[in-house]
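> Heads up, here are the entries from TrEMBL:
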SIGNAL    1-28  signal peptide
DOMAIN    58-146  domain 'PPIase FKBP-type'
DOMAIN    170-258  domain 'PPIase FKBP-type'
DOMAIN    282-370  domain 'PPIase FKBP-type'
DOMAIN    395-482  domain 'PPIase FKBP-type'
DOMAIN    493-528  domain 'EF-hand'
DOMAIN    538-573  domain 'EF-hand'
REGION    543-578  region 'Disordered'
COMPBIAS  547-557  compositional bias 'Polar residues'
COMPBIAS  561-578  compositional bias 'Basic and acidic residues'
């Protein structure tokens, strides 16, 4: 039985089938005004701007409708039942007038159909509901249309210029999505949950249509994926949000993709010429980096901290993927390191910037690296044309020009800025150990390039203007060299000293040598080539120090008993120790 004012829809379909057998199926045309209608009158009073497809015979449609008589009295409504009509069009399951009225319709289109009796329920009508020879009026809105021959429809909305890899079966993906029905009704979104949807592709974790629609996507790509019901939730639908036989539309943004079998991917962005050494496990490295997710979201950068990241390579101080990705690099190289999550921070991620199962991309600039066992690297740039018989050695006093920089080209210091060469006594610990070593064996006029590791330079702490653990690059030119003196000596004789040293030094023969006489005597020995002072020092200060050493009672004069050669003092000290 029918309820008053509301037909039973199952009975209505049966009556439609019976009626189709009684009425003609040929298409007619409307009669002149006032005459009986020969065909359905269609008023398209809302046509959507976009109409990707129109209803054809054999399509499965879902729609809402209100059915009224000419006087406006309602005889049926899908709205009142809170259930859409879901049915195949053009195969005899609807009254002929509705079959014809739905043809060519677009999703979200609204039509007013006037169905003459012979295309509706004819002279029989529906007992208690639709009288014989009734003209029917339907207000229809189409919400969905599909066909069993349909496949997943994929439209690329945005494709990034760089695509490191595309989604394949068995990949793990992270993506955002908005899900709607074909009429635009939203049923779900990942954005409202504050995180991506993470899953495997092609492993049965997704509806079949989404499995297909994600294939071939690049990280950062946006797609529109339209999925017919038989590749989605089919006849049952899903809960209260996805009705039965509903086509689904997903707007998808792929964040990243990886495979559990993936290894670290390396891409050389810039390789400086002359790479003579590559980083190996155990090296200590300084590098800059920008770290981003696969969709380009920046999560960290060493540049923002105004300092390099410093660490040992291959020793477990960084994530495994970075440990692997840094090995084999050259100083000055720029490379991109793509690290799958199982070699990064895994399923849990870290902090609030790296989500779980995230692929990480590091754009790295290698500043320098060294090994704690590295010596100074010496490269001769030029040598003087004349034969070089004597080279710089420990104890020598040298003058040299230098330019000092980091290996990335950052200039630190230059002797040319001071207008004079640098001076040093080799082995006197007045310069860094690596420079001391690199100057030895040089000829006057020779130019060298020195690469000095930090343990032979300024170490982990660095110095003013020099970063910690920095490898230094020197270009040095030896300007002059003087033989040095043995350790502890301020003056040495070229020959044996005078037999009567004190008498020769006591110029006025008064039995005492004041500072003036001492200075005059020593300067005379130097000018006559009989001896020489410690090079690199102020002669007056050196002579003053020598006088103080001999004036043992500090009375301002040296007596014969006080005057002793250093060689004699050393010999006496040996006897005392014995």
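Glycine is no exception: its Cβ is also placed from the backbone N, Cα and C atoms.
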> Grab the same-chain neighbours of the domain 'EF-hand' (493-528) for me: Cβ-Cβ under 8 Å, and only residues 6 or more beyond its ends, written as numbers and ranges.
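Distant Cβ neighbours of the domain 'EF-hand' (493-528) are 539-540, 543-544, 546-547, 550, 556-560, 563, 565.
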> Do you know the DSSP helix, strand and coil residue counts for the domain 'PPIase FKBP-type' (395-482)?
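When I sort the residues of the domain 'PPIase FKBP-type' (395-482) into the three classes, I find 14 helix, 37 strand, 37 coil.
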> What average pLDDT is reported by the model for the domain 'PPIase FKBP-type' (282-370)?
95
> By DSSP, how many residues in the compositional bias 'Polar residues' (547-557) are helix, how many strand, and how many coil?
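Reading the DSSP string over the compositional bias 'Polar residues' (547-557) gives 4 helix, 0 strand, 7 coil.
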